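Chemist: Please read through the structure below; I'll follow up with questions.
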């Protein structure tokens with residue numbers, strides 16, 4: 001349900017309602033050019049999100065101790081890349097809502113939104129020299145390649161109606177979701193004096209984030225309000241609980257057939273969710289989340305073994321919604 005306050009806030013960020021004069025529309029100044037190009041990007045940036053990546057960067061900085069100016073550069077890079085990926089995801093997934101408001105391409109159009117997302121990638125790249133280390137370009141390129149590899153496989157499985165194995169899915173998640181997490185931590189490690197490697201821990205956290213997100217997509221009322229009810233079913237996505245449910249009884253083609261329909265029918269989606277529940281797939285998600293969180297705690301303990309770092313990993317897991 002869209003509140004009037006949210007709509008007003010969105011409109012205010014994008015400019016006055018009275019609009020420019022006709023000649024200004026035809027011949028915009030440089031500043032207006034920029035606002036036009038950035039409009040889909042700025043629209044999504046102003047919508048309040050969970051800011052998980054920004055909070056995680058802050059949490060890891062308790063260990064890595066970066067100078068404040070470099071920390072802010074890395075946060076800007078990650079925010080731009082994440083927002084760009086959401087703009088494109090919403091187009092590729094035919095999404096209707098993002099953070100409880102209409103998706104950017106439903107307002108600005110698909111072409112302008114794609115251009116704005118691509119523009120954001122280069123705005124992020126433009127920040128790299130501020131870190132003062134040429135390795136930043138290698139890290140940036142490597143993890144953006146990984147992100148697109150992961151997204152490519154996710155789309156391929158969906159569009160070809162091919163159900164991956166759990167192992168294949170988590171490998172894809174490591175590229176797609178883990179890519180931005182790793183990019184942030186690798187840039188932080190590059191700019192830090194520590195010799196600790198936090199990448200294995202971040203890989204685990206990326207898996208935890210995605211498995212929980214897949215679970216909430218089909219189980220959370222708050223998620224439904226922000227993204228739509230059972231959105232992964234409408235998208236036709238092979239998410240973690242859906243993969244488990246299909247593979248629990250391969251002879252039953254009901255769930256895969258529902259995915260093929262890309263249905264908007266809530267009754268059909270409720271039927272699918274009951275079926276997923278009947279195969280123990282939501283319980284399996286909760287079990288795997290507990291196992292992954294235990295692995296993360298153990299890894300953090302092996303790396304540091306101090307009370308401060310134990311508290312740090314608990315704060316990070318808490319941000320991901322995983323409590324001990």
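Glycine is treated like the rest: Cβ placed from N, Cα and C.
So Swiss-Prot lists these for the protein:
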BINDING   50, 53, 82, 99  isopentenyl diphosphate binding site
BINDING   89, 93  Mg(2+) 2 binding site
BINDING   89, 93  Mg(2+) 1 binding site
BINDING   98, 176, 177, 210, 217, 227, 237  dimethylallyl diphosphate binding site
BINDING   213  Mg(2+) 3 binding site
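Are these features on the surface or tucked inside, and what touches them?
Modeler: Counting every protein chain shown, 12 other Cβ atoms lie within 10 Å of the Cβ of residue 50 (isopentenyl diphosphate binding site).
For residue 93 (Mg(2+) 2 binding site), other Cβ atoms within 10 Å of its Cβ number 19.
Look at residue 237 (dimethylallyl diphosphate binding site): DSSP puts it in coil.
A helical conformation is recorded for residue 213 (Mg(2+) 3 binding site) in the three-state DSSP classification.
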Chemist: For residue 217 (dimethylallyl diphosphate binding site), list the number of other Cβ atoms lying within 10 Å of its Cβ atom.
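Modeler: 23, counting other Cβ atoms within 10 Å of residue 217 (dimethylallyl diphosphate binding site).
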Chemist: Write down the Cα-Cα distance for residue 50 (isopentenyl diphosphate binding site) and residue 210 (dimethylallyl diphosphate binding site), rounded and given in Å.
Modeler: 14
Chemist: Would you please pick out, from the binding-site residues 53, 98, 99, 227, 237, the one with the fewest other Cβ atoms within 10 Å of its Cβ?
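Modeler: It is 99 that, of the binding-site residues 53, 98, 99, 227, 237, has the fewest other Cβ atoms within 10 Å.
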Chemist: Going along the chain, which residues six or more apart from residue 89 (Mg(2+) 2 binding site) have their CB under 8 A from its CB?
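Modeler: Listed in sequence order: 95, 151.
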Chemist: For the C-alpha pair, I'd like the distance in angstrom between residue 177 (dimethylallyl diphosphate binding site) and residue 82 (isopentenyl diphosphate binding site), rounded off.
Modeler: 10
Chemist: Considering only the binding-site residues 53, 82, 93, 99, 213, which residue has the minimal Cα-Cα separation from residue 227 (dimethylallyl diphosphate binding site)?
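Modeler: Closest candidate to residue 227 (dimethylallyl diphosphate binding site), judged by Cα separation, is 99.
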Chemist: Measuring Cα to Cα, how many Å separate residue 213 (Mg(2+) 3 binding site) from residue 50 (isopentenyl diphosphate binding site)?
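Modeler: Checking the Cα atoms of residue 213 (Mg(2+) 3 binding site) and residue 50 (isopentenyl diphosphate binding site) gives a distance of 12 Å.
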